[in-house]
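Some features that TrEMBL has for this protein:
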TRANSMEM  43-62  transmembrane segment
TRANSMEM  74-94  transmembrane segment
TRANSMEM  131-153  transmembrane segment
TRANSMEM  165-187  transmembrane segment
TRANSMEM  199-223  transmembrane segment
TRANSMEM  301-319  transmembrane segment
TRANSMEM  348-368  transmembrane segment
TRANSMEM  442-463  transmembrane segment
Amino acid sequence: PPRTEEAMYLDNVVDWLFGGLSHWDAEHFLFIAEKGYLYEHNFAFFPLFPIVLRGFAEILLWPLSSWLSVRGRLLLAVALGNSALFLLSVIAFYALSRAVLQDRRLALLSSFLYCSTPANVFMTAGYSESLFAALTFGGLFLLEKGFTLRACLALSIATAARSNGLVNIGFLLYLPSLHAISLIRVYRATTKGHSKVLHYIWVILRLLLTSLFGTAVIALPFCAFQYYGYRTFCTPSTSLEQIHPALLSLGERRGYRVPDENGPPPLWCMRPLPLLYSHIQDVYWDVGFLRYFELRQIPNFILAMPMATLAIMAAYAYFQANPELCLRLGLWGTALEKPTPGFFNPKVFVYVVHSTVLLIFGTLCMHVQVLTRFMASSSPVPFWISAHLLLLNEPLLHRRKTSNPNVQLQTDPKNYCKHTPQNPILALLPHFKACSPTTQSILGYFLSYWILGLALHCNFLPWT
């Protein structure tokens with residue numbers, strides 16, 4: 001887009017340092033943070049991340065306003081803010097992994113893999129992935145710990161960052177149901193007569209209220225944003241004279257719709273359910289069921305294949321280990337009474353279902369190349385299954401004897417404190433050739449995407 005303010009002293013320096021973080025969809029977020037929701041297609045990008053960027057630029061980076069323009073401060077906010085948000089998401093990811101897997105070593109290894117995520121560049125660039133991941137993993141951790149109201153708030157805020165936050169409603173319906181069934185089983189064994197019936201009624205009533213309230217709270221940001229889009233374009237209060245000429249000229253050249261109180265409303269306003277988000281995905285991005293299944297999109301399917309493979313392996317391995325639990329939807333069974341720590345823990349069931357739903361929807365209804373960042377910022381399962389496979393198949397992680405006695409993972413006391421664990425991912429890299437094929441495949445995928453994504457995306461090459 002055209003720059004509508006003059007460059008200041010440090011703008012060129014910040015752009016030289018961090019300009020690679022402003023490409024592809026990041027340009028949309030930066031534009032919204034600077035100019036607001038001016039064009040119709042801007043509404044494909046949810047408002048929380050632009051609000052956070054603008055707040056960061058106007059409040060924390062205000063002392064730099066004499067040297068940096070708003071655009072320059074926003075770009076600096078991307079670099080600093082997303083780095084901080086990613087660290088928060090790592091903390092939330094580890095806490096959630098400990099609570100669900102109940103295996104500290106697996107949780108720690110999963111977290112190290114998450115730090116090496118194949119979606120690395122999107123966690124740092126001007127995308128909402130880090131913000132969404134921090135809120136989602138944090139909200140799910142709170143839900144696992146029984147803090148339902150706080151979890152609803154976190155997951156609701158996550159929906160203000162990305163539309164797929166709506167899928168988290170499934171957790172809010174499932175986990176309280178699991179807790180309610182456990183309570184009913186306890187009451188059945190410990191109470192009698194009318195008291196038992198009253199307890200049953202109370203548990204069911206509380207479950208219904210929690211589900212309805214939680215669903216409404218999580219869906220509220222999405223609905224409010226759609227209403228804002230409807231008011232902006234279907235009942236506009238803005239005239240073309242109020243829009244900067246350079247931005248108006250850009251809209252005319254590119255065919256971008258702008259709100260105009262003197263013009264006719266767009267056709268989508270006349271639909272029974274006038275959802276602007278659906279209209280944008282259909283018209284501007286050509287997103288729809290099976291629309292991406294074309295021969296020319298084969299490279300994008302190949303790009304998404306490793307992440308899809310991890311999700312499929314997770315679902316298959318979990319079903320093989322817990323067939324009865326899966327058929328009972330994880331709501332009752334002997335496995336719940338004597339849970340086994342690790343990836344096959346009954347608590348993991350709902351996360352595997354969630355991951356599978358994201359995989360199916362992302363493959364059939366989205367631009368499939370975004371599957372990597374879509375799942376890496378929404379589901380812990382790809383990292384859990386990767387860590388599980390590493391612990392299962394890599395002898396070096398267990399410090400067993402190998403064909404080469406010199407290849408052992410030992411902590412160097414000169415470089416590591418007594419109570420600080422060595423990062424097993426970094427420890428495996430010097431012995432990459434001696435690792436098992438499974439380890440080579442997983443680490444090769446994570447690190448190659450980590451490096452390629454950074455190199456290609458920041459140079460405006462196809463890595464979106």
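Heads up, the Cβ atoms here are built off N, Cα and C, so glycines get one too.
Only sequence-distant pairs (6 or more apart) were considered; of these, at least three Cβ pairs between the transmembrane segment (165-187) and the transmembrane segment (348-368) are under 8 A, so the stretches are in contact. Sequence-remote contacts of a segment are chain residues at least 6 beyond its ends whose Cβ falls under 8 Å from one of its Cβ atoms, and for the transmembrane segment (131-153) they are 48-49, 52, 82, 85-86, 88-89, 92-93, 95-96, 99-100, 123, 161-162, 165, 168, 171-172, 175-176, 179, 210, 213-214, 217-218, 347, 376-378, 380. Here the transmembrane segment (301-319) has Cβ contacts under 8 Å with residues 118, 326, 343-344, 348-349, 352, 355-356, 358-359, 362-363, 368-369, 371-372, 375-376, 379, 381-382, 384-386, 388-389, 445, 449 of the same chain, all six or more residues outside its ends.
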